[in-house]
Amino acid sequence: MVAKVIDGKAFAANVRGQVAGHVAKLKADKGITPGLAVVLVGEDPASKVYVKNKHASTIEVGMESFEHRLPAETSEADLLALIHRLNGDPAVHGILVQLPLPKHLDSELIINSIDPAKDVDGFHISNVGLLGTGQKSMVPCTPLGCLMMLRDHHGSLAGMNAVVVGRSNIVGKPMAQLLLGDSCTVTIAHSRTKDLAEVCKRADILVAAVGRPEMITGDMVKPGATVIDVGINRIERDGKAKLVGDVHYDSAAAVAGAITPVPGGVGPMTIACLLANTLTACCRANGLPEPKGLTA
Ligand SMILES: Nc1nc2c(c(=O)[nH]1)N[C@@H](CN(C=O)c1ccc(C(=O)N[C@@H](CCC(=O)O)C(=O)O)cc1)CN2
């Protein structure tokens, strides 16, 4: 079997197009412009690129972008004061603090200081609890992007066996909750799961979010399964820098029914879903109906 390649770049462009359409209508009909504030602390090179891309994409869909770049030595008190200000700013519908933060800052404390209604990352403990209990919440962008691609590929996911390899708070756990919400039978596996290959091989949907380059190989994939690779690992091969996922692409693609590549799979959906979440937050703040197909 040769797997269908799920084109995340094209899918993300389509989502951004839908968001742009809703934003134009919000502006024309209601005079409302959704606004996203992104906070970057420090000089992490990858984070700087992601924040630059978030700013460009926010502008491209017609939203207001408020960028706050703070020095690495910013104190917790100063960062909390900025978030407090953004929480109270009616022009800001979404707030995102780019991770990772410098080590002297307590990420949990910072994230939990964001107004949950403006927490477009879905990392606030209130949103985690709402998602876990099947209530309306802000949903983390990367898992939301994976869910959208899975729904598009399969239609209904009900009754499918889903295995999520990885138990992080920002991908693995919310991904499992979302799949459960769509009536999958869900297993969360991780690096210490016994007989990991055996567990993975039972999956109709296999989501790899373990953070280990090419750990999931073709012999761990059920023939015809859908493989979603969330990993972004920079490795060196033959003296050259290379970006690979958590899935060994060639061997998995030879067995799977469908697969997301790295780059160009899940990654681009992260920013597209951030824009979708900002639009959702803006609609909720203004008591307007939520955009269809752009939420969980
Ligand atoms: N506050 C947050 N911090 C971080 C998040 C997040 O969702 N919220 N996620 C990641 C970084 N990230 C967005 O912030 C992100 C990662 C990757 C991509 C992407 O498009 N990747 C491309 C490859 C890009 C490359 O060449 O490096 C792909 O996979 O095709 C977008 C956004 C950590 N921090």
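Glycine residues also receive a Cβ, built from the backbone N, Cα and C atoms like all the rest.
The structure displayed is predicted, hence computed values, not measured ones.
Sequence-distant contacts of GLY166 (NADP(+) binding site), defined as residues of its own chain at least six apart whose C-beta falls under 8 angstroms from its C-beta, comprise GLY172, ILE188, HIS190, VAL207, ALA208, ALA209, VAL210, GLY211, VAL230, ASP246. Taken from TrEMBL, the feature NADP(+) binding site covers GLY166, ARG167, SER168, ILE232.
Residues or ranges marked as domain 'Tetrahydrofolate dehydrogenase/cyclohydrolase catalytic' by TrEMBL: 6-121. Looking only at the domain 'Tetrahydrofolate dehydrogenase/cyclohydrolase catalytic' (6-121), the predicted model's pLDDT averages out at 98.
Sequence annotations record features per position, and here TrEMBL assigns domain 'Tetrahydrofolate dehydrogenase/cyclohydrolase NAD(P)-binding' to 140-284.
For the domain 'Tetrahydrofolate dehydrogenase/cyclohydrolase catalytic' (6-121), DSSP puts the residue distribution at 59 helix, 19 strand, 38 coil. Applying an 8 A CB threshold to same-chain residues 6+ apart, the list for ARG167 (NADP(+) binding site) reads LYS173, ILE188, HIS190. Pairwise Cα distances among GLY166, ARG167, SER168, ILE232, the recorded NADP(+)-binding residues, top out at 16 Å. Around the Cβ of ILE232 (NADP(+) binding site), the same chain contributes LEU243, GLY245, VAL262, PRO263, GLY267, each under 8 angstroms and 6 or more positions distant in sequence.
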